[in-house]
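Below: the structure, in structure tokens.
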Amino acid sequence: MTDLEFILQQAINAISLGSLYAMVAVGLSMVFGILRMTNFAHGDMMMAGSYATVLLTVAGLPFGVAVVCGVGVSVLVGVLAERIAYRPVRGAPDVTLLLTSLALTYVLENLAILIFSSSPRAMPLPDWMGEVYSFSDGAITFTGIDLCATVLALCSLLGLGWFVTRTTTGLGMRAAAEDMAATALVGLNLNRLIVTAFAIASGFAGLAGVLWAAQSGVVDPGMGFSPLLKAFVAAIVGGFGSIAGAVMGGYLLGALEILIVGFGPPEISPYRDAIVFALLILFLLFRPGGLMRPNREIKL
Amino acid sequence: MSRRLVLMLGGACLLALAGWGLPMVVSDYGQRLLIMGCISVILVASMGLANGFTGVFSLGQVGFVAIGAYVSGILSLSVADKAAYLPDLPAFLAGVQMGTVPATLLAGAVCAGVAVIVGLPLMRLSGHHVSVATMGFMIIVNSVIVNAESFTRGARTFTGVPTDITLPVALIWMVITLALLGRLIYSPIGLALRSVREDTIAAQAVGLSVLKTRLLAFTVGAFFAGVGGSLYGHYLGSFSAQTFFFPLMVSLIIMLVLGGMGSLSGAVVGVVVVTALSEILRNLERGMDLGFVVVPPLFGASQVVLGLLFILVMIYRPRGLLEDRELTSFGRKG
């Protein structure tokens with residue numbers, strides 16, 4: 001394997017991983033932008049969507065249809081969460097919002113354990129997804145899942161970009177992120193905007209969840225947790241509340257992780273979580289607004 | 001004799017009586033619950049110092065609990081066990097074997113030291129940023145514990161810690177912790193802590209150093225978190241990195257917030273209420289025969305109910321059951 005081939009292979013891995021992080025981080029960032037809420041329950045939308053997909057596939061639905069319905073279930077759970085848990089505490093201090101979402105994760109995860117048991121369940125995949133494409137004598141390979149994740153992420157993120165810049169609802173969501181009271185004053189329906197934001201965020205999480213489960217081959221009640229933590233880092237590195245920043249942060253984080261594993265000395269690769277979170281702390285201290293909003297002040 | 005001294009002597013007598021008498025009347029299971037309760041009170045109260053009184057909501061306290069448990073575990077493991085379980089330990093640690101009390105105090109001191117280093121940068125942050133950053137600290141601690149094989153056995157269970165935490169011992173540690181924290185909180189320093197929480201800018205304007213005040217609370221909290229962690233380790237005997245991670249953090253937070261973050265007795269109330277509720281719910285989830293209908297066992301249902309309850313508290317009583325009051329202040333005016 002030549003150096004160039006090795007680098008290309010790592011680049012493919014980084015893009016595939018980064019696509020997933022970006023999709024999760026975008027939803028986190030959208031919700032934060034409007035409500036100033038750190039949504040811990042976001043990872044459980046991934047879990048809900050992928051469980052629904054698995055169950056529907058096992059029940060005999062074609063895979064594509066099952067995925068669409070699964071993402072629908074994520075959207076439903078997200079909207080219900082907003083309506084039942086988050087709306088009553090809207091406007092409360094930061095910490096109350098954060099604790100509410102932490103409690104909701106606790107509820108959803110244990111509910112999933114109650115219903116599906118805590119043991120992982122295999123994810124049935126169509127053949128084309130597991131297929132391995134290999135180039136230059138197997139030095140560069142990627143699977144149908146990698147391809148699918150990258151294409152889906154790019155299409156959906158571009159679609160989101162169009163939505164928030166060209167449609168009235170999308171513009172309204174951005175207005176609400178700037179100034180909630182003024183948005184309500186000019187006559188936009190705040191509740192509807194927030195529900196839409198949650199629906200979109202949860203949809204992205206559901207899609208990312210299905211792809212994440214496809215990569216690992218299994219679903220389990222705690223599966224959303226590790227990608228959620230990474231998405232936190234991605235969203236903060238990009239600038240919490242900025243959609244473009246979240247996408248950028250997601251790909252950067254994917255690249256960083258692959259860099260550590262692929263190119264770093266072997267002793268440090270088990271520490272990659274520690275390195276990633278050290279990066280998060282550094283960003284919070286020195287560039288609290290992230291890459292996109294470097295001038296926002298949050299320190300004393 | 002002043003009224004205060006009488007109260008203190010009376011309390012000490014009661015405590016001695018309880019410590020001597022309780023193990024005779026309470027079942028083994030009840031004793032386990034009480035010991036766990038005492039340790040939880042130490043942990044929750046230590047968390048309350050930073051989170052409730054200074055308003056810097058740290059999600060990283062469990063990181064200190066983990067450090068405390070491991071440091072104290074390494075210090076008090078017998079030399080023979082060390083050779084068997086931790087063969088790669090550096091020489092200055094391999095030959096050491098301490099009793100539980102010095103090991104616990106040292107563990108607390110180590111945690112306080114780490115807290116100063118970590119807190120110096122982190123205590124500058126506010127709001128949810130500090131929560132996310134301290135959560136990052138906890139994850140880093142976890143990652144280091146899992147990977148530092150020669151000190152911690154990595155992801156495998158750390159075992160062989162002498163289990164010498166009996167009910168009287170746990171009670172004494174809890175009372176000392178509460179007394180010291182109470183001293184601190186209801187002193188001029190405590191007033192500074194609260195003023196930093198209520199209005200950062202005004203506190204700065206009257207000459208308080210916000211960073212120093214927050215750092216003090218964070219460090220003292222970390223010390224007691226380390227002490228609690230050490231006791232927890234000595235109670236369990238064996239533990240792993242997973243013991244001190246998100247599930248423990250969530251359950252401690254539920255106790256803290258339910259009882260009321262701005263109150264020391266809130267920690268006790270939170271622990272008692274959550275422990276009692278979990279016990280009741282856990283018995284219910286085993287399923288039962290109501291005569292006309294048989295309820296099937298629903299394992300895990302107790303956590304769901306506890307979580308839902310917590311959401312309700314957030315909606316209807318976000319400052320907890322006791323809010324800022326202490327149990328001792330209910331009879332008084334003002």
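In case you wondered, yes, glycine gets a Cβ from its N, Cα and C as well.
What TrEMBL records for this protein:
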type: TRANSMEM; residues: A:12-35; note: transmembrane segment
type: TRANSMEM; residues: A:55-77; note: transmembrane segment
type: TRANSMEM; residues: A:97-119; note: transmembrane segment
type: TRANSMEM; residues: A:139-164; note: transmembrane segment
type: TRANSMEM; residues: A:193-214; note: transmembrane segment
type: TRANSMEM; residues: A:234-262; note: transmembrane segment
type: TRANSMEM; residues: A:274-292; note: transmembrane segment
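Note on the transmembrane segment (A:274-292): residues 229-230, 232-233, 235-240, 242, 244-245, 248-249, 253, 256-257, 260, 268, 298-299 of its chain, located 6 or more positions outside it, place their CB under 8 angstroms from a CB of the stretch. For the transmembrane segment (A:139-164), the residues of the chain that approach it from at least six positions outside its boundaries are 1-2, 5-6, 8-9, 12-13, 15-16, 19-20, 22-23, 26, 125, 128-133, 170-171, 173-174, 200, 204, 207, 211, 214-215, 243-244, 247, judged by C-beta separation under 8 angstroms. The stretch from A:12-35, A:55-77, A:97-119, A:193-214 that makes the most Cβ contacts under 8 Å with the transmembrane segment (A:234-262) is A:12-35. Within its own chain, the transmembrane segment (A:12-35) has Cβ neighbours under 8 Å at 42-43, 45-46, 86, 90, 97, 140, 142, 145-146, 149-150, 152-154, 156-157, 160, 173-174, 176-177, 180, 193-194, 197-198, 200-205, 207-208, 211-212, 215, 227-228, 230-232, 234-235, 238, 240-243, 245-247, 249-255, 257-259, 262, counting only residues six or more beyond its boundaries.
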